[in-house]
Amino acid sequence: MSADKKLFIKTYGCQMNVYDSERMAEALGGKGYVQTDTPDDADMILLNTCHIREKAAEKVYSELGRFKGLKAANPDLKIGVAGCVAQAEGEEIIRRQPMVDLVVGPQSYHRLPAMDDTVRRGAKALDTDFPEDDKFDMLKKRKRASRAPTAFLTVQEGCDKFCAFCVVPYTRGAEVSRPSARVISEAHELVESGVKEITLLGQNVNAYHGHEGGLAGLIWELDKIDGLERIRFTTSHPNDMDDALIDAHGSCDKLMPYLHLPVQSGSDRILKAMNRKHTAESYIKLIERIRAARPDLLLSGDFIVGFPGETDEDFEDTMSLIREVNYGQAYSFKYSTRPGTPAAEKPQLPDDVAADRLQRLQALLKSQQIANQDAMVGGRVKVLFEKEGREAGQLIGKSEYLHAVYAEAPKEALGQVVEAKVVESSPNSLAGVCL
Ligand code: SAH
Ligand code: SF4
Ligand code: F3S
C-alpha cells in the first residue's frame, strides 16, 4: 500500500448519500486514502451529489469552480463527482467541467478502487452502470474500533414509483432490497462498535422485501440484537405502509415513535397528476390507523407546492390536509422542473405564485411544529446523547421523537439513553433536565 493520501468528501442530498460517502471512504481506504475535513491539502476531492431539485444540481458546478485554484496548484489532485448528478449527467459533467477526473454513479461505488488506478494513470474514469452485483457486498466491511451512537444502514435502494416530478427512479434505478441476513450482520458489526440507534434507509424503505416479513420482519430481527436500543426507518411511501409495519409501531419497543410519511399534496387532482396512486382521504385514514397503534407518534412529511396545474383550490386542499393531520415537523419545497420527468412537459406555474404558496404553507407547518414542541414542556423524553454541546457540561441528543434535546449531563452519558424532563421549547430544539 502506498503512503497515505488525503481524501475530502463533500456530501449533498439525502441520508443515503451520507451512508454512501462513508462506504466510499472505506473503499478508498484500501487504496491508502485517509479522510480529511478540508479540500485544501487533499489528493482526491469527491463530491457526492444530489439531483432532486435544480438548485441542488447546479450547486455542483459552482462548487467545482471553486476547486480550480487547488487543481492548478497541485496537478496530482484528482476530482471526482459521485451520486445522483453523476448518474443523471454522466460524461456531460466532464464536458462542462474538464478538470473533473472521475464520474461515478451510485451503483458503481465498489469499482472506485479500480477507477482510482485509472485516474492516477492520468486518464478519465466514468462509470454510471447499473451492475447486477450487490455493490454493498463488494464494498469493504464496515468494521471500526469505535463509532458514534447513531448510524445509517441502507437496506433498500431505488424506486419503481415514478412520481411525475421525481428523478430518483432514473438516478437510483429500480427498487432493490439487500437480503436480511446481510443487513443483520452489518447491524451486529455496528452495535459491536458502539452504535445504539440504527436508521434503516431506503428511497422507499417500507417496500423492503429482503425479508419474507417485509420491513416489519426485518425490524423484528433487529429487535433481537442485544445492545441495539433504537430502530428508525426512512423514507416511506403511504402505499407501502402494511399492517405488520403499523402493528410494529404499536408493539416493538425499540422502534421509535416517529414516522416520515410524505404525501406531497392534499388535492386528489394533483395527487393523480403526480402519479402518487393514493388520495388525500386514503392518506388521512392511514394516519388514523397508525396513530391508533401508536398515539404519541410524531408525524413528519414532505410537500411540493406549485406543481404544474396546481390551482388556488388545490393548494387550499393541501393546507386543509395539513390542518387535519397536524405534523410535528415537515419539509416543503417549491416544485422544481426536472428534465426527463413527465411533469417537466406540462405548462409550468409562475415562480411568484409558487413562492407565495410555499411561504404560507411553511408558516402553517412551522406553527404546528412549535405548538407540538411547546406541548412537550413539563413532560418527559428519553434522550440518546450523541455529542457535546457548545456550553461546558452540556450534551446534545435526540428524543425518541427525534427532537434535538440539550441538557446538562456528564460526559459519560454520551451514547446512553437518559430520561429527561423537558423544561423549555425553542423552534428547533428542546431543553431538558436529566432525571
Ligand atoms: N422517496 C421519498 C423521497 C424522495 S425525494 C418519497 O417518496 O417520499 C424527497 C422529497 O423531495 C420528496 O418527498 C419531494 O417532496 C421532494 N421532491 C422530489 N422531487 C422534487 C421536485 N422535482 N421538485 C420539488 N421537490 C421535489
Ligand atoms: Fe421519488 Fe416518488 Fe419514488 Fe419518492 S416514491 S423517490 S418521490 S418517485
Ligand atoms: Fe438527492 Fe439522489 Fe438522495 S437525488 S435526495 S441524493 S437519492
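Cβ atoms here come from the backbone N, Cα and C positions, even for glycine.
Quick look at what TrEMBL lists:
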- 5-121: domain 'MTTase N-terminal' (DOMAIN)
- Cys14, Cys50, Cys84: [4Fe-4S] cluster 1 binding site (BINDING)
- 145-371: domain 'Radical SAM core' (DOMAIN)
- Cys159, Cys163, Cys166: [4Fe-4S] cluster 2 binding site (BINDING)
- 374-435: domain 'TRAM' (DOMAIN)
Select the most exposed residue of Cys14, Cys50, Cys163, Cys166, where exposure means the fewest other Cβ atoms within 10 Å, treating these as the binding-site residues. Cys14
Return the members of Cys14, Cys50, Cys84, Cys159, Cys163 (the binding-site residues) with CB less than 6 angstroms from at least one atom of ligand 2, or none. Cys159, Cys163
When pLDDT is averaged across the domain 'TRAM' (374-435), the result is 96
Cβ within 8 Å of the mean position of the Cβ atoms of Cys14, Cys50, Cys84: remaining residues of the chain near [4Fe-4S] cluster 1: Tyr12, Gly13, Met16, Asn17, Thr49, His51, Ile52, Ala56, Gly83, Val168, Thr171
For a quick check of packing: other C-beta atoms within 10 Å of the C-beta of Cys84 ([4Fe-4S] cluster 1 binding site), how many? 27
I need the CA-to-CA distance for Cys14 ([4Fe-4S] cluster 1 binding site) versus Cys166 ([4Fe-4S] cluster 2 binding site), whole Å please. 14
Take the C-alpha atoms of Cys166 ([4Fe-4S] cluster 2 binding site) and Cys50 ([4Fe-4S] cluster 1 binding site) and report the distance between them in angstrom, rounded. 12
Taking a cut-off of under 6 Å between Cβ and any atom of ligand 3, tell me which of the binding-site residues Cys84, Cys159, Cys163, Cys166 pass. Cys84
Excluding Cys159, Cys163, Cys166 themselves, the [4Fe-4S] cluster 2 site's Cβ centre has within 8 Å the residues Lys161, Phe162, Phe165, Val167, Val168, Pro169, Gln203
Give the number of CB atoms, excluding that of Cys159 ([4Fe-4S] cluster 2 binding site) itself, located within 10 Å of its CB. 23
DSSP-derived class (H/G/I helix, E/B strand, else coil) of Cys84 ([4Fe-4S] cluster 1 binding site): helix
